[in-house]
Structures are given as C-alpha cells and as structure tokens.
Amino acid sequence: MVVEAMSSCQFWYFDDITKYGRIEVLNNYVPTTLVTISILILLHNFFIRFYKYDIKKETPTPSLSLKLSSLNLSESDEEMPLTMHAQHNYGSHPSPSELNTDSSALYDRHFSINNIDSGEVNDPTKYHLIKRNMFEKFRVVIEFVIVAFQLLLHCYLSIEKSNLNGDLQKFHFKPHVLLWTILFTLATLRVLNLNQNNKFVNKYSGNIWLVSFANYTVIFLAHILPFRSALIGHVNDYGSSQYYKSQFWLNLVLMALLLTSPIGNNLPVLYQPQQDRAPSPEPYVSLLTFFSFHWVQPFINKAYKNNSLSHSDLWSLKLEDYSINVMKSFLEFRNRPSMRSSRFGISLLRYFLNLFMFQWCFTTISAFSIFVPTILLKKLLDFIEHKDKGSMNLAWFYVFGMFISRFIVAICDHCNLFLGRRVCVRMKSIIISEIYSKALKRKITKQSKPADENNENDMIKHDEVSPQEVNDTTHVNADEESYSSNLGSIINLMSVDAFKISELCAYLHYFLETAIMLTVSLILLYKVIGTAAFVGILITIIIIPINSKLYAVVGTLQAGNLACTDKRVEKLNESFQAIRIIKYFSWEDKFKEGIMLVREKELALLLKRCMVWCVLAFSWFITPTLITGCTFAYSILIEKKQLTTPVAFTALSLFTLLRDPLDRISDMLSYLIQSKISLDRVQRFLETEETDKYDQLTVDKNGKRLAFENVTLRWDSDKDSFVLRNLDIEFMTGKLNVIVGATGSGKTSILMGLLGEMQLSEGKIIVPSLSPRHEYQSQAGVINDSIAYCSQAAWLLNDTVRNNILFNAPFDQARYDAVVEACSLKRDFQILKAGDSTEIGEKGITLSGGQKQRVSLARALYSSAGHLLLDDCLSAVDSHTALWIYDKCISGPLMEGRTCILVTHNIALTMKNADFVVMIEDGKVKEKGTPIELLAKGLLGEDENMKKSIISRSASSASLKGKSERSLGTTPAPVEIVQDSTPVNDDGKLIEEEGKAMGFVGKEIYKWYIKMYGGWYTIVALASVFTAILCLQITQAWWIRNWTVKRFSDVDESNYNLPASTFIVESRNRVLLTNEAGKKESENQNAGIAKFLVVYCLIGVMSSIIGSIKTFVNSLFGIRASKLIFDSLLDRVLHARVRFFDSTPIGRIMNRFSKDIESIDQEIPPNIQSVFYSAIEVFATLLLISYITPAFFPVAIIIVLGYSIVGFFYLTTSRELKRLDSISKSPIFQHFSETLVGVTTIRAFGDEQRFIKENLSMIDQNSMPFFYLWVVNRWLSFRIDLIGALVIFSSGVFILLNINNIDAGLAGISLTYAISFTEAALWLVRQYSELEMNMNSVERVLEYMNIEQEPLIADPANAVTPPPQWPDSGKVEVNNLSLKYAPHLPYVIKDVTFTIEPLEKVGIVGRTGAGKSTIITALFRFLEADTGSIKLDGVNIANIDLKRLRRSITIIPQDPTLFAGSIRSNLDPYDEYSDEEIFTALKRVNLVSTEEMEASTSEIQSNSSKNVNKFLNLESEIAEGGSNFSQGQRQLMCLARSLLRMPKVILLDEATASIDYNSDAKIQETIRQEFNNSTVLTIAHRLRSIVDYDKILVMDAGEVKEFDHPYSLLLEKKSIFYNMCEDSGELDVLIDLAKKSFISRLNSDSKK
C-alpha cells in the first residue's frame, strides 16, 4: 500500500504516482494547458487563413499545392481527376518581340527553370482524389460519438461533483468540460466535412485533424499512470478507479482512430504522371502506417510475388519530390536577397534547414531515450537481487518501460533516416540539375582567371564545333592538379561527387546525436568515478586532434584519388568515343597501357588511404582500453582510492558506451572530408565563367539583320589565340550568303561569332533575335526571326531519324515530306529498315557521314527559323546529292525568304545562286561582294579548271534540268538496297534496352569475385582472423569476470557478470548505472587491480593490433580484386566487336567504369568485413547464451527465423530496386554526354529549356528506384528494431515469471546477451543485404565479360604467319566476297570480285547504301567474310593475326579523331620518328610551310596581325577529340600520321571532304607523290579528287557495277560513273582531267 501522506507537491513515491500527481498534475494542469494551446492554435489558423483568402487571389498553385474546392466530386466515384479553379494556358507565350531583351532577362528566358513549363505537373488530369470509403466515414462517426459521450460524461461529473468520492471529488472539471467542448466542435466539423465539400472547414479551420490527434494523445498519455494505479489497487474508491480505467480505454480508442486514419483534414490528392504507373500512397497513409513504413508493404509483396520489378512497377514520387518542383523551390529560396551572396553549399544547408530541424527533434528524443533501457535494466536487476525490498508492480513497470523506450528509439531513428533520405534525393536532384544547367551555360573555351585562382577551365569536347579554323585555340592545362572541366570530369561530378554530398546530408543528424551521447556519458562518468573521469576525457581530447590529422591525410589522399578517378574516366571516355580509330590502328594495347597507368596510381592512392585507415582503426580499437586503463590507474595510483567492483564495472560500461559515438563521429568526419572535397569540386565548376552570348550580341529592332560592325573576335585570352580581326560584314537578308576561304582561315569562327560563342574584343555583332525557342510555340509553322544552325560535324541525338529532324517541333506532314525531299533523304528511308523511325544510335552511328549531315541539315531546314547558318554541309555528300541539296534545299522553295549563310569549299557548285560572297583569309575579310564581282577580280579560281567548271555549269544547266526527272527525281527507280552502315532490328531499334538480371545474385557472381579476391584460402584465413579478434574480446570479458570473482567475492555476481558482456559487441545499450559504492577494499588490493589493468590492457592492445591488421588485409585483397576486375573489364571492352559499341550507348559503358567500379573499389571490401564479423559474432553469441541460459535457445531460433523472413522480403525487393537504380543512371550519363557535345547547337536553336527539362525527367526516373530502395531499407530496419524490442521485453517477462528460480547474475547475462544477439543479427542482415546490392555492380561487370570478342584469327585451322616485310607489294584480291552483319540479316556485299594491282590508285564511288564503307571495314576485319576471301599480297587476311593485319594497312577516316595530348603524341604515339620527319609530314599536308619553318618564333610573334601557326610547335596541346582544331585540320593531321607510317595499303574515306579545293588539289598531289609506292583506295564524293586515279570501282546495292580506268568509263555515256560526273556539273573538267591521266598512263606503260 502506498503511503498517501506525502508532500503536497510530490509526484512519485516508491513504486507509483502520488494522489497529487494524479489529481493536480495529470487531471487539472494537463487539460488546462491543452485548452489554452488549442484555442491559440485554432485562432491563429483562423486569422491566418482568413487574411490569406481575403488578400490572395484565388489562383491555383499547381506545382506544389492543390485546392480541394476545385475538385468535382461524385459519390459514386472512387477516384476522380482534378479540376482547377482557373485553367491557365501554360503553352501560350507572348510574342518574343514583346518580351524584355535585356541581357539578364534574356539569360533567364533561356536558362531559368522557373520559366520551364512544368508539363504534366500542371496537367489537372494527372491528379486524383482518394475518397473516404464507408469504413473511414464510420471511424469519423465513431470518433464523434465517443467525443460527445466524453463531453456529456464530464458535464455530468461536473454537475454531480459534490456527490462524488475519492479522487473525483477533488477534480476541477471545468477545464475538462471546456477541453471536450473544443474537441466536440472539431469532431463535428470533421463529420460535416466527410465529403470534402464544406468550404468553411476547408478555408478557415486549419489542420483540425492534427489538433484533435495531439489532444487525444496527450490525454491518453496523462491517463496511463492513473490507469496503472487503478490496476495495482492504489486508487481507493470504486468510482475513481472506474473513471481512470474508462478514460484510459476511451482515449486509447480515440487516439487509435486518428492514428490509423489518413493524416490531415483534406482528402489526399495524388499525383499520377503516367497512367501505367501507380501514384505514391505516401500522401494518404496514416500516422501509424507512416511510422512503421507499412505503406510500402504492397510494393514489397509485389516484388516478392514476381521475384522481379520493372521500372513501370515503381510508384511515382510525391509531387514535392519531383526535381522540377525541387529546383523551382530551391531557386526561389536562393534568389532571396539574404542568400544571393552565399556559396552553393551554404545555400543547400539553409534550404533544407526545416527538414534538418525535424531531424534534430527526433534525434534529441532518441539520444536521451537510448539510456533508458540500460538504466531500467540496472533497476530491474537491483529488484531481483533484493526481492524483499522491492515491488513486483514496479518491476513490471521497468519491463514495459524498456520496451516502450526501445520502441520510441526505433521510431525516432527511422524517421530521422527517412527524412535524411528525402533530403538526399532532393539534394542530389539539385546538384545534378545545377551541374547540367551550368554545362549548358559555360563558355566552350577557357577564359583568363584572376591570379589567385588555380583552376583552369578547359574546353569540353564539342564534335559539332570546329572552334578554330586555324592553328591554335585553347591550351589544355598540363598541371595535373588543376581542375579540368571536360566531359569525363563533369560526368564524374554528377555520378560520384553529387552522390557523396547528398549521402552525407542524409546522416548529418548523427553529429547532434553523438554530441548528446558523449555529453551524457561523460556526465554519468563523473558522477560514478569522480575526478578520475577527467583523465579519460583528457585522453579523448588528445586523441581527437591526432585522429583529425589522420583524417586530413585521408582527405588529401581522397582528393588525389578522385583526381585520378577523373583522369581515368576522361581517358576511358575518350577511348570509347574513338574506338573505331583505335581499332583501325590496332592501338588497343597502347590505350589500355595509358589507362592502366592512371588506374595504378588510383589504386596506389587507395592503398595508401587504406593504410592510414588502418592506423585510424587501431586508434578506434585501442581508445576505450586506453581510456579505461589510464582512468583506473589515476584513481588507484594517484588518488589512492579503493576501486570497488560496482564503480569499476559501471565505469567500464560507460567507457564501452563511448566507443559507439566515437566510432560514429570518426565515420562521419571521414564522410565529411570526402563530401567537402566533392563540394569544393562542384563549387569550382559552378563558378566557371558562363557564355557572354547575351551580353555581346545586339538584337536588331526589325528582327532581320545579321552583321558585323568593326568586330574583333578571339577564342580566348591567350596571346596566341586565333583572332578574327576587323570584320565589317552586312549579310543580305532573305538571300544566300556564301563564306569561302582556305582551310583554317576562320570560316567556322565567323559562324561561331554570330552565335556568340567567341569572345568579343571590340565592335558590334547584330543578330535578328535572341529569344528562346519555346517562346515561338504559339507561332508553330510560321517562319520567325530565330536562328538555326547546322554544324560541320553533324551532331545528332540518340533517337529516331524523325525526332532528330523535328527536334521537338510540331509535326507537319506536308512540311516534313518537303524537307525530306529537299535533303535527299527519301531513298535513305528506304534503306533503313524502319524508315524514319529507325534509331540512329549514339552520334548517329547507324548512318553514313553523308546521311548524318543531311539529317542535321533537315533539322535546320524544318525549323521555323528565318536565318540558317550552314557549316560546310555539302562536304560529306556525293556530287549528285550535293547538287540536289543545293538546288532543292539551299536554293529551293523551303529557303525562300530565309537568310542562309553557307560555309563551303565547293565554290563551283555554290556560286550559281549565291547573292553575296565573303572570302576569308587568316581571320580577315579578304574580299566581299557578289559572285560576279569576285570572279572579275580572279578570286574564285586562279587556274583554268576552276574557270571552266563555272562555265561548264552554266552550259550544262539546261541538260541538268532536263535530266532532273531521271536522276534527281523525287521517286528514284526501284533498286535493291543494302545496308552500308551499322544494322538495326526490324523495328528500327538499334540501342538495346539495358539488361537487368532477375532474382538473387547468382553463386557464380560470388565465386568469380572470390576468385579475384584471392580464392577460398584467403576467405578462410580472413575468417580465422575475425575469429581470433572475437576470441580476444571474449577473453577480455572473462578476464574481468574471473578477476572480479577472485578479488571481490563479497560482491554479488550480478554486479560483475552483467557488464562482462558489454565487450562482446560494441553496443550503445549496455550501460549499468550504480549509485551505491561497494564495500571498501584494503589498499593492498590495489596491486591486484594494477595487475588486472595490465593484463586487461595487453589483451586490448592485441585485439586492436589484430583488428587493424584485419582491416589492412581485407583492404589489400579488395584492391587486388578491383585491379583484376578492372583489367579484365577493360580488356574485354576494348577488344569487343564494333557492333557492341554501335548498340550500347557510351554512357551505359561508362556507368560500368565509374559507379560500378567505385562500388567494387570502396564499398564491397567493407561489406565483406562486416558480414564476416557479424556472422561469426552471431554464432559465438548464440553459443554463449545457450551455455549460460539454455532456455533462451528456442527463442533465439524463433528470432533467427523472424529475421530471416524479414530479411528475405527485404532482399528480394532491394536487390531489384538496386538494379533499377543502376540501370536508370545510364540515360542520365548518356544525355549529359550528348548535351555537352552539342551545347553549341542547343544554344544556337535557343532550346536550352527543353534539354534542362529532359534532364530533370531523367533525374526523376533515377530518383524513383533510389528513394524507394531506402524506404524499403527503413521498412527492414524498423521491423528488426521492433523484434529487438520484443526480445528485450520477452526476456524481461521470462525473468519475472521465473524470479524465484533465477539469480541476478544469470538474469543480467541472459538479458544483456539477448540484446547483444539482437543487434548482431540486425547488423548481419543489413550488411548482407548491402553486400548483395553492391554485388549487383560485380554482376553488371561480369555481364560484360561475356560480350563477343574480335577473333585474332578468323580461321585458326589455316593460320599463317606472314613474313616480317609483309605486305611488300600491296596487291589486293577480293574473290567472291559476301558479307552480312548477322546470320539472320541479308547480305550487304554480294559475291564481289575485283583485283587491285600493286601500287594502283583506286577510287571507290557509289550512292549511299552501295556498300563502299562495308568493303573498307571488311579489309580491317570489322566484318568477317561469310563466303569468299580477301587476300593481301596473296595472304588470306582471315588467316593472319588481327593486330598484324591492322598495323600493316592504314586508313584516314571521314570523321578524323585526335586524342588529348600534343601534336607529337597524336602523330607519333610510339615515338618512332624524329622531329624532322614529323615536320616533313606536316609540310606535305600543308599544315606548315617552308617559310614558316625558316622564320624565327620572334619574327612570327612580332607580326601581331597574323595568327600563330601552332603546328610549328610539336608540343602544342590538343584538346580531347581535337576540338581545338577545325575539321579540316584534323583530317590533315590524320593524313600526316599516315604519311609517317607509309604503309603498302592505305585507305582514304572522304579524307579531304572538309578541305578547300586548292588544298585538296595539293593534298591529292601529295598522295600521288608520297604514296607512289603504296596501293591507295579512296572513297570520295569529290570526283575531281579521284578522276585521275588508275581505276574507279563503282558499287551499287552491294555489287561491283563498274571497274575500269575513269576515262574508259567516261567514254561510255551510259555508265553509272558518267552519270555521276554529269550530275556533278563538272563533266567537261572531269573528262579533261581523266583524259590527261589516261594519256599519261599510256605513255608511262609504253616506256616500260
């Protein structure tokens, strides 16, 4: 019986709450406080909403909130679409001319995400209501009835108070009546608003659900202790007892009703952007479901049932989580005056401050609740030890308290982590979006930086831009430590750095939790051990800076490691982008060597980091032992205190508790350092200079002019940078303007100047418009004043042909057909299996060079732009097609009234209809005017052939018109067509969907990794080390127990058995608090204690050393596995067939080499370590528990089964989500790469916002599996923690039920080891699941181990080794050759036979799809012969080594490729030639002249009016892809490279297409002279370049149609070759040249 005569203000006495506590505190103060707070909240909500609805216009806010009053409801509908108040026309825009043309306003109109049409987010049909079903309505009615009953009950009790007895007589019922009146009013409003159509409730009530729930919860909590008092008989009168019991159950029901109902008043509105994708149920889940993560259970069930998930099975994100809404909200926040000067990282932290504060609230509750179970555990053991002095009721209270506190910790921890993951998803979206947006805004060249900035910004690779048509542009910074912002490093920013930053922010709350835990632990230590605790604190303070220094070293190594990773990714990306060139020249081994050198540096830094990490690990392991030993030594030896057993074990337990926060802060500091490095990298990139396009271009008021007024332009601020000087050009509006000039004179740079991509030094550039493309949507189909651009090297999207032409413009069948006709694409659509629905692959890989150029031209022509800039679009097509395009496209009806500026070398073709000509020479305007004026001055051709060609064009124009119906007609004659490029499927699909394995990661994956890791012997050895560590920890614990038994036999075993288990597992929940000092020990016991401390410390040191060795060994073997896996992967990919690269996007390949390799490098080894240790720990713990308390073993089996079931469900789902997460990253990489390469074209079209929007969409596609992966992770963790709480509860119940048969020592060990086992099992499940998910990276890499390889010898049975000098003559024999791309596909080369004699020059011609390129690829064995053979000097190429074959012949490809490095490294990668030989080769291809080589450098630089020729310096840097040289210069460098090799067989594939005619003539002369000892095969569209060859091979439909001397073919007017020459408009000139060559050959033969 509780003594009631207590102090009037005492709340608790002995084992129960006092009467004062029940009556005054819980039943008077609590309701009064609730009434006050509820009234204030309701009034605040009412007035806020009243003013909000009166002042604010009722406009919808579709991006983040939806007005429920705008919904049309029908009682019969279960789910209805959203109808908004006012439908905004989001697709319409004001006329661009009416908008602000200020540069900053223009900038925002192009790039601001706030201006992006949110698309489906603004579509009201995408929103759906979840209506309350009858059960939910019934629950609201039940709530109303109970609240009404409560109101009536308390009114009655208030009236009858004088007649009541006991506690009720002292109640103040007025606060109760007022409180229940408020709650009754709220319940009434909820009933009135059941169908969501009560405007008053919706507008003015605020969140009445939250107010009601908070009140019900607090009232329920206030009645728990009185209910307990009634149960245990401490409430004297019957009426009061029944009141407490009834209030407990009634308020529990009320709380449960709202706890299980959807959160909030309003019916949930779900966003469903796709009809085949279910919306996220998160908005309408109940609070209980939310806390328990049960709302994701249907998703888990689906994954378990199907054993697989597809992307369409994923739920949508919440509306607020979609990246476009996140970005709009973030940018709005960042544009606040107080935030504009903040750095990016600070802005992110402040933006998410509200979510962080929610986390901190949960963290604070969790951090303090962590200590409750251990305190109650000690109390419980004290009761068991002294049963006669304690209360059984209080013991049961302790057991329930342990369960409740663990339950609270579980809820708080997982809400923390869930909020952190939401921050992570949103932050990753922001970072990637900002990086992408910055990439669109950046200048394409580096700019000068202030002296205090070390980072240089190199050029991105832009395949479609030839920025400098002369010898120099931007240097690539040679400093390896500088920040290189090229393609590879930018991809690394978004794939690695964005992840590291966002991942850290998901766990920032750990810093606060650790601080609280450390503070509480240290305070308790001081209370237990006194001033000696400061010794431990001092050691902790000393160790922290030492560890911080080590962390700084780790940070430095991490920065170096990331720099190496960047370099490796750059080299890999460059290699895969140029894989055809690498294979042509058999450079796979050379490039692999260069990549592996960087990889070895990367792994060396990783190993160094692991070594430092091992030192840190030793510090972590030894710290608790060091602190304990020093503290006890100080207490015994300095303070001369007698260290009692209770004090010793309490201190030991608290020191053990310190290990967890110390470990956590160590991990978090490591993550913080890595994230800070990543954030700095992102910050540096975001600070790079942006395009000045909108500042330096002036918009013409009439929207017509394109002009330069005394303009000087340069590419960058380097003194040697190429400069356009004194440009004063007024292009003719609505006419054809032609720019001509020699290769490298600056033609492309003029177009870049008009597009604002060059740096304006002086003058004024006038353009018709700078409005973004989306602002013209309302004018679709009408020619406007915008600009369209067709680059010299076609830039195409990895999409269908049609989508590339449309470029997101509205489809107009008539206009589309006209454009296809004008660009001569009809016949090409017949070639392609799916016509214009054919996927063209990455960089248009399925198309020939001419097809790519025509698709790019069609895109510009189809656009509504009134001004077209065409950069040498005729160079890549044959003469027939060039004439067609010129007549039907450039001069055709679709160009009527549009301004066209055409850069070209084909003067003879383009002068006929040109209205204005600009001739460029060395960056200056040499002459401008009409073609007749320039012709009169002799500037359009100095030789007679050029003049004759222009005259012959005029003379033959009539015949051309007559034959246009025959050869240029819109309907070509039916012909058999072959595929002359990469084949596609019948449905036109080239790019295969990325494969996704199903089910568990297979055993073969683990076996393969173990093989790479070191084999089974290594695994056994590692397991032995883990076992040794665990044995040492157990030995340390048992040493404490044995010493305690020996030295303090007068102290009960419960005081020494219990803490011993704290050293089995580093757990934060094993503290035993003791407030009583044990019996005094004599001073001579101190010697025994000192001996104990020495042995204890020695065991701890041994355990720490072995633990560090374990970490190092695991890291060492992990690095070994990484090295072997990367080496194998690189080798397989580099030697894969070309078809693999055609059908696999580079972004997908790079995903393997970036994110997957990173997982293998840095995530799998720690996972292996954790899984091994946890598994051994669980096994050892089971043995110990079974040994001490055998009755626990069946319970442990049930627990294992429970964990296994939960873990199996989790693993099935998380594995599939991890795979989907990996797959959905690849499109982001691919889209990123495409955008970076095509940024000039995108900006020229003003289409930035569309690409930003597409990037946001792809981020969302990746965020779905990533977010739900971590929600499922929370689902697992909550259930495991709940099982753990139930284990503690059941253990306590078991002890109390058997209290007479168990002592305190056994009870303590049983309970503590049960906790230990639960946490060890939890960690095992988590880490194994994590390992399984990370092994998905190994699985994806192993998938590439099976890609088809190029055979070294196609026919091993007949393998031969040719002599060293082979080939010595250069004879090529093709016998009955037939080729097909795959066994199920038709032949592309059909029974072809021809022979090329040694030293012959043979030109290969034919229409697109004739098979020209296929023949070339067959010579390099890209395709193996299906039938027939190709012999080179009598040796069948199928029988010789592939490397030997490719090194014996040389090709100069149509798309020349250079590699990052120097001119020397590109011309002579193996250092085989002298400087003199290299300069001679450069001179022969006209890249340098004799005069330049003889002139001194000072003389060249002194002439500031001329651009410096960078080819005079062989160490001049070449940017990635050679992007700092023009297309023509790159072709000439490739030719120079071939001149150095001087092979017996050389193949030229349109090698001079981008070179001016004069240079072409010189190059052809060089080819004839320099390759007079070589056999030359040339594919050419310029017939003049091959008409004097020895023979012409005419192909059509995969067959040889003609093969003879060109003059012989021209004598036959019905020949295909004659028709081609006639179509070119240069028939007379070609006949004359062929005749001269024929006569020369006859004379040469007669002399022989």
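Keep in mind that glycine also has a Cβ here, set from the backbone N, Cα and C atoms.
If you look up Swiss-Prot, you'll see 741-748, 1406-1413 marked as ATP binding site, on the strength of sequence analysis. GLY741 (ATP binding site) counts 23 other C-beta atoms within 10 Å of its own C-beta, drawing on all protein chains shown. Secondary structure from DSSP puts GLY741 (ATP binding site) in a beta strand.
Annotated domain 'ABC transmembrane type-1 1' per Swiss-Prot: 361-674, in sequence order, evidence recorded as sequence analysis.
Marked as domain 'ABC transporter 1' by Swiss-Prot on the basis of sequence analysis: 706-947.
Under the heading domain 'ABC transmembrane type-1 2', Swiss-Prot lists 1032-1333.
The feature domain 'ABC transporter 2' is assigned by Swiss-Prot to 1372-1622.
As annotated by Swiss-Prot, N-linked glycosylation site applies to ASN72 (among others).
Annotation comment: Swiss-Prot describes ASN306 (among others) as N-linked glycosylation site, evidence class sequence analysis. Around the Cβ of ASN306 (N-linked glycosylation site), the number of neighbouring Cβ atoms within 10 Å comes to 13. DSSP gives ASN306 (N-linked glycosylation site) a helix state.
In this structure, ASN573 (N-linked glycosylation site) is part of a helix by DSSP. The feature N-linked glycosylation site is assigned by Swiss-Prot to ASN573 (among others), with sequence analysis given as support.
Annotation comment: Swiss-Prot describes ASN710 (among others) as N-linked glycosylation site. The 10 Å shell around the Cβ of ASN710 (N-linked glycosylation site) contains 11 further Cβ atoms across the protein chains shown.
The annotation N-linked glycosylation site is assigned in Swiss-Prot to ASN784 (among others) on the grounds of sequence analysis. Summarising the environment of ASN784 (N-linked glycosylation site), the number of other Cβ atoms within 10 Å of its Cβ, over all protein chains shown, is 22.
Marked as N-linked glycosylation site by Swiss-Prot on the basis of sequence analysis: ASN798 (among others).
Marked as N-linked glycosylation site by Swiss-Prot on the basis of sequence analysis: ASN1042 (among others).
Residues or ranges marked as N-linked glycosylation site by Swiss-Prot: ASN1255 (among others). DSSP assigns ASN1255 (N-linked glycosylation site) to a helical segment in the three-state reduction. Of all Cβ atoms in the shown protein chains, 24 besides its own fall within 10 Å of the Cβ of ASN1255 (N-linked glycosylation site).
ASN1376 (N-linked glycosylation site) falls within a strand segment according to DSSP. Long-range Cβ contacts of ASN1376 (N-linked glycosylation site) within its own chain (separation 6+, distance under 8 Å): ASP1391, VAL1392, THR1393, THR1427, GLY1428, SER1429. The feature N-linked glycosylation site is assigned by Swiss-Prot to ASN1376 (among others).
Annotation comment: Swiss-Prot describes ASN1503 (among others) as N-linked glycosylation site, evidence class sequence analysis.
DSSP assigns ASN1524 (N-linked glycosylation site) to coil, not to a helix or a strand. Feature annotation from Swiss-Prot assigns N-linked glycosylation site to ASN1524 (among others); the stated evidence is sequence analysis.
ALA1410 (ATP binding site) counts 25 other C-beta atoms within 10 Å of its own C-beta, drawing on all protein chains shown. Counted over every protein chain shown, other Cβ atoms within 10 Å are most numerous around LYS747 among the binding-site residues LYS747, LYS1412. Over all protein chains present, the Cβ of ASN573 (N-linked glycosylation site) has 27 other Cβ atoms lying within 10 Å. If you take the Cα of ASN710 (N-linked glycosylation site) and the Cα of LYS1412 (ATP binding site), they are about 47 angstrom apart, rounded to a whole number. When Cβ-Cβ distances below 8 Å are used as the criterion, the transmembrane segment (175-195) is approached by residues 27-28, 31-32, 34-35, 38-39, 42, 73, 75, 132, 137, 140-141, 143-144, 147-148, 150-151, 154-155, 157-158, 201-202, 205, 208-209, 211-212, 215-216, 219, 265 of the same chain, each at least six residues removed from its ends. The predicted model assigns the domain 'ABC transporter 2' (1372-1622) a mean pLDDT of 82.
Distant neighbours of the transmembrane segment (1012-1032): 1099, 1102-1103, 1106-1107, 1109-1110, 1113-1114, 1117-1118, 1120-1121, 1124-1125, 1168, 1172-1173, 1176-1177, 1180; these residues of the same chain sit at least 6 beyond its ends, with a Cβ under 8 Å from one of its Cβ atoms. The stretch in 352-372, 501-521, 1089-1109, 1168-1188 that contributes the largest number of Cβ pairs under 8 Å to the transmembrane segment (392-412) is 352-372. With Cβ pairs under 8 Å as the measure, the transmembrane segment (352-372) is packed most heavily against 501-521, out of 207-227, 501-521, 1089-1109. Cβ contacts within 10 Å of ASN1573 (N-linked glycosylation site), excluding its own Cβ and spanning all protein chains shown: 12.
Away from its own ends, the transmembrane segment (207-227) comes close to residues 16-17, 21-22, 26-27, 30-31, 34, 38, 41-42, 45, 143, 179, 182-183, 186-187, 189-190, 201, 235, 244-245, 247-248, 251-252, 254-255, 258-259, 261, 263-265, 287 of its chain (Cβ-Cβ under 8 Å, at least six residues beyond either end). Between the recorded positions SER745, ASN798, ASN1524, ASN1524 has the most other Cβ atoms inside 10 Å of its own Cβ, all protein chains included. THR743 (ATP binding site) and ASN573 (N-linked glycosylation site) are 29 Å apart (CA-CA, integer value).
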